[in-house]
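Annotation source TrEMBL lists active site, proton donor/acceptor at 118. According to TrEMBL, the feature active site, schiff-base intermediate with substrate maps to 144. Taken from TrEMBL, the feature 3-dehydroquinate binding site applies to 31, 32, 33, 58, 185, 206, 210.
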Ligand SMILES: O=C1C[C@@](O)(C(=O)O)C[C@@H](O)[C@@H]1O
């Protein structure tokens with residue numbers, strides 16, 4: 001079930017694959033947050049849901065809860081499962097070479113790599129965002145950038161870069177986190193962003209400013 005992300009794909013984020021049936025009505029895939037799950041490889045081995053999975057094992061140095069020990073090895077193993085259509089690897093880990101084996105393993109198994117970067121401290125300047133997203137889209141089948149917006153102008157800058165890169169044929173996914181950036185989650189697909197994230201359970205958001213799943217689905221569908 002390879003995920004190509006050639007059109008907008010809505011991912012329902014959860015730490016519990018038992019949530020998948022609840023996600024089906026609105027989501028195109030499930031983002032399995034391995035770093036928030038107790039025994040993620042066992043959960044993956046018994047997964048029999050309909051929706052393809054993005055496996056994410058977010059590092060603690062990038063907003064998640066996974067320590068480095070076995071983190072990338074577990075992602076590589078996740079890529080072997082039939083139900084996993086993509087794995088998410090941090091751009092920083094790809095650029096340092098640490099995630100090279102996991103990326104190659106994903107490639108061997110026909111699993112897409114999402115190369116992601118998160119900036120929780122604010123919104124970098126436009127040149128830096130563009131450069132990060134360009135590098136990410138070279139490493140991955142999709143390059144993803146999430147930034148923390150302090151005001152709507154931050155989201156506007158990110159949307160503008162999203163539009164430029166998508167117009168050049170690059171596959172990108174962007175979102176501005178936080179209240180000031182929330183609308184970007186609904187609007188970014190109009191400008192070419194290929195992945196959106198929303199929690200299955202509204203009380204279990206995986207990033208600041210996320211809409212609940214049904215709301216994001218409706219907003220995206222109405223705007224396009
Ligand atoms: O990278 C992302 C995007 C995200 O941080 C968001 O802002 O929606 C949510 C995460 O679960 C996911 O891995």
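The backbone N, Cα and C atoms fix where each Cβ goes, and this holds for glycine too.
Taking 32, 185, 206 as the candidate binding-site residues, the subset whose CB lies under 6 angstroms from any atom of ligand 1 consists of 206. Its own atom aside, the Cβ of residue 58 (3-dehydroquinate binding site) has 21 Cβ atoms within 10 angstroms in the protein chains shown. Within 10 Å of residue 144 (active site, schiff-base intermediate with substrate), judged by CA to CA distance, lie the following recorded positions from the set 33, 118, 206, 210: 118. A separation of roughly 10 Å, to the nearest angstrom, links the Cα atoms of the residue listed as 'active site, proton donor/acceptor' and residue 58 (3-dehydroquinate binding site). Once Cβ contacts within 10 Å are tallied over all protein chains shown, the recorded positions 32, 33, 144, 185, 206 are led by 32.
The DSSP secondary structure for residue 206 (3-dehydroquinate binding site) is coil.
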